[in-house]
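S.K.: Copying in the features that TrEMBL gives for the protein in this structure:
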- 28-79: domain 'NADP-dependent oxidoreductase' (DOMAIN)
- 95-233: domain 'NADP-dependent oxidoreductase' (DOMAIN)
- 393-486: coiled coil (COILED)
Amino acid sequence: MSVDVPTKTLPSGASIPMIGLGVYQSEPGAETYNAVLTELKLGYRHIDTAEIYGNEEDVGRAVRDSGIPREEIFVPTKLLPQTGATTRRSLDERADTWRAVVDLHDQGILKDIGVSNFSETLLAKLLKTARVKPAVNQVELHPWMMRSSLVKYCEDNGIIMEAYSPLARATKMDDSTLISIANEPGATPGQVLVAFGVNGFVTLPKSVHEERLKSNLELVKFKLSPEQAAKLASPDSYIRTAGWDPIKDQVESWPTRGSIEVEVSDYYFTMDDEDLRALASLQVSGNLSEHDFGRVSLPIHMRRCRSLLPPSEEEEAAAEHNKGTKSIKRKQVQSLVDLCLRFVTKHFESVYMDRILSFPEAEAALIASMPSNLLHRMVVNLVKDSKRAKTKNRESRATIETLESTLQGARRDVAQLESARDWAAISRARMAEQQHVSDRLQRELDTIQTALSSTEVENQHLRAKAERAEKQLLRLEAKVRRKLLLEYVYHAFIYCCRGFDRLTR
């Protein structure tokens, strides 16, 4: 299968295909190896991996075993900040990390270098000191997470945008607009989303199924019209599918302005310094004590906490706040207690709690009146319970994934056995057919041999007749010679007699 995939040119002059295979969450081992090998055979030449995925070795093995020249395959990977020979100690600052990567680039070890999950503010900060600017910035991009401002910033600075999770992790496949657009070219919703990404970004859909890999690659044969792309795009939407937004949730060390914004259920509540210091009295150490409360914006979700809000997102938070929020001082005690528990849980051991802590109002008031050390111990116990539950959940998921992997392996073995059985049946049928042909040819050969034997007998009879005829001919020749000899003698005698008669006269 040969497909002309569009490309973008990197600073090194290399061409990066605009559609590739992402191997995030692909199981290390056979699953990743087979997916990459299938991808390369179908015509893909771009595999996106990372150290943290744990399957780089399988990607490399598949690239080697594919038989395709290495220079034809584009394999970007992503490193954790402490990775690399030039970063033997942990690098706390992104600028130091980038300098280490640039050193590898200068040595020719890395052909092109880029970043992942960088906001405009981080990029601006990096570009101020960077000797080599990033070639790409890989972030979550799809019609419901457009990041228009970031995309424009990267375009203005010559940075290629790469889109991971271009299918929004299949969470919007039932979107009516998406389905209506998919019906026009007769494509699937997933194909339309990949085509939408390829329309402007390097797109990295993830799949381990050959049919889906093939259908994704065939998308380069058609493009969405500008009208279709505009109809599908939702620039005002903010639907993240990665479980966290590494751009919106980035912790920055620069001073910011404004008050802390805390998201509780459907409301935003403003907390002043006095409220913050009340929370600080819960004897929490760590991130809380490292920031100037009056100059930091900090959104906290009831369902999942986030870290410091960059200045670029303050206007969005303020807009949400102005839609109609209530002061936290007028909120019930229950919300304050829930908020305190959330805040402490986040900053005490950096644990994300997926469930909402809910208390009746009377019980909440009782908890609120507890001494801070008692409340602190209660939160610690909640954190430990949450960690144990999460550990058990992870172990259960790991067990399920292992069983699913084993089941997939068994299914593949069954499929191979069925295929072998089918081939055996076909081989037996072919052998029977060949045996039938062989028997027919043997019968024809026997007939020919019989005919040859009969012909040989006839030839012997004919040779005997020829010998008898030859003997008769020899006898006739002998008779003729005797007759001729007698005639010659007779005529000679007559001639002599006549001569003698003339002499005697």
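We count from 1, first residue shown onward.
Note that Cβ sites are derived from N, Cα and C of the backbone, with glycine treated the same way.
TrEMBL: automatically predicted annotations, no manual curation.
Note that the coordinates shown come from a computational prediction; the quantities given were computed from them, not determined experimentally.
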S.K.: Give me the DSSP three-state residue breakdown of the domain 'NADP-dependent oxidoreductase' (95-233), ordered helix, strand, coil.
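M.R.: Summed over the domain 'NADP-dependent oxidoreductase' (95-233), the classes give 71 helix, 17 strand, 51 coil.
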S.K.: Based on DSSP, tally up the residues of the domain 'NADP-dependent oxidoreductase' (28-79) by helix, strand and coil.
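M.R.: Across the domain 'NADP-dependent oxidoreductase' (28-79), the residues distribute as 29 helix, 4 strand, 19 coil.
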S.K.: So what pLDDT does the domain 'NADP-dependent oxidoreductase' (28-79) average out to?
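M.R.: The predicted confidence over the domain 'NADP-dependent oxidoreductase' (28-79), as a mean pLDDT, is 86.
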